[in-house]
Amino acid sequence: METRRHRRGKKCVLLPLSILCLAVLLPGELLAPSASVSSSSSAAAAAGGSRKRRWAGFDYYVLALQWPGTICRQTSNCCETNGCCRSKPLKWFTIHGLWPQYNYGGWPSCCRPTRFNINKILMLMPILEKYWPSLYCGSSSTCFGGRGPFWGHEWETHGTCAYPEIQDEYDYFSTALYLYSKYNVTKALRKAHIRPASGRKYAVGHIVAVIEYAFGAMPSLVCKNGSVQELRLCFHKDYQPRDCTFETDKAPNSRSHCPRYVTFPSYKPSVLANATEGISDQATGELHTFG
């Protein structure tokens with residue numbers, strides 16, 4: 001059995017690959033990551049009005065999950081790296097990123113001068129391809145002025161800012177997968193008879209209440225044209241759920257504002273045979289409220 005050890009001081013987390021694969025399907029089976037809990041409120045307060053800053057500690061995590069139907073229904077051309085172009089549509093929430101945040105509303109970015117090393121997550125690739133795919137074509141910008149894979153952008157921009165709680169690429173992606181599997185949003189909604197892709201409209205208040213009841217903390221929603229684009233869960237630095245209080249205060253005219261009733265749209269995968277080098281950058285539809 002392949003294993004990977006992470007050392008955080010005197011603590012060590014053992015993540016067997018077979019258990020990790022099982023955990024994504026059966027939430028709660030994966031060993032929880034070790035976390036050194038420390039307060040960085042003073043660092044956040046000292047940040048002033050700046051919304052994005054270099055690393056100065058952080059206060060909590062956001063696990064951003066995206067509903068593929070809202071994004072993939074806009075895909076007009078395909079490429080091999082685009083999860084929207086697979087033969088079968090994605091009918092579950094996928095991961096967008098795990099993002100360190102400040103309590104006052106900002107976030108750190110590009111915190112350590114370390115380039116993404118894909119070799120460190122090769123054993124996770126089958127799981128990442130299924131549950132953390134890119135839903136766009138083309139490469140993503142990196143912290144060093146270049147372009148790279150989607151996962152490299154998430155690690156360099158956000159993952160490097162979770163140090164020392166998160167040590168390296170494997171630590172970052174396996175931690176996100178652990179949270180994703182333990183707090184299974186798709187399963188919680190279906191249990192409450194909220195079935196994404198059914199074409200029905202659901203009350204936002206009901207969606208929020210279901211997730212809050214299931215996990216003990218209030219989520220936040222990001223919408224586009226009346227459809228759920230992202231559902232975000234927030235966690236303390238010890239990986240326990242907390243309310244996404246800052247994100248619940250959105251102006252009604254905000255592009256990410258959700259109406260009273262929302263949909264979880266379905267989509268038909270585009271034909272890969274018509275693939276081009278990349279589709280137009282849909283950054284305008286990708287609401288990076290957190291960076």
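Residue numbers in this text run from 1 along the chain shown.
From the backbone N, Cα and C atoms, a Cβ is placed for every residue, glycine too.
Where the annotation comes from TrEMBL, it is an automatic prediction and has not been curated.
Copied over from TrEMBL, here are the features:
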type     : residues : note
SIGNAL   : 1-23     : signal peptide
ACT_SITE : H96      : active site
ACT_SITE : E154     : active site
ACT_SITE : H158     : active site
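Residue environment of H158 (active site) contains 28 other Cβ atoms, counted within 10 Å of its Cβ in all protein chains. Around H96 (active site), the C-beta neighbours below 8 angstroms that are at least 6 residues distant in the chain are A64, L65, Q66, E230.
If you draw a 10 Å sphere around the CB of E154 (active site), it holds 24 other CB atoms from the protein chains shown.
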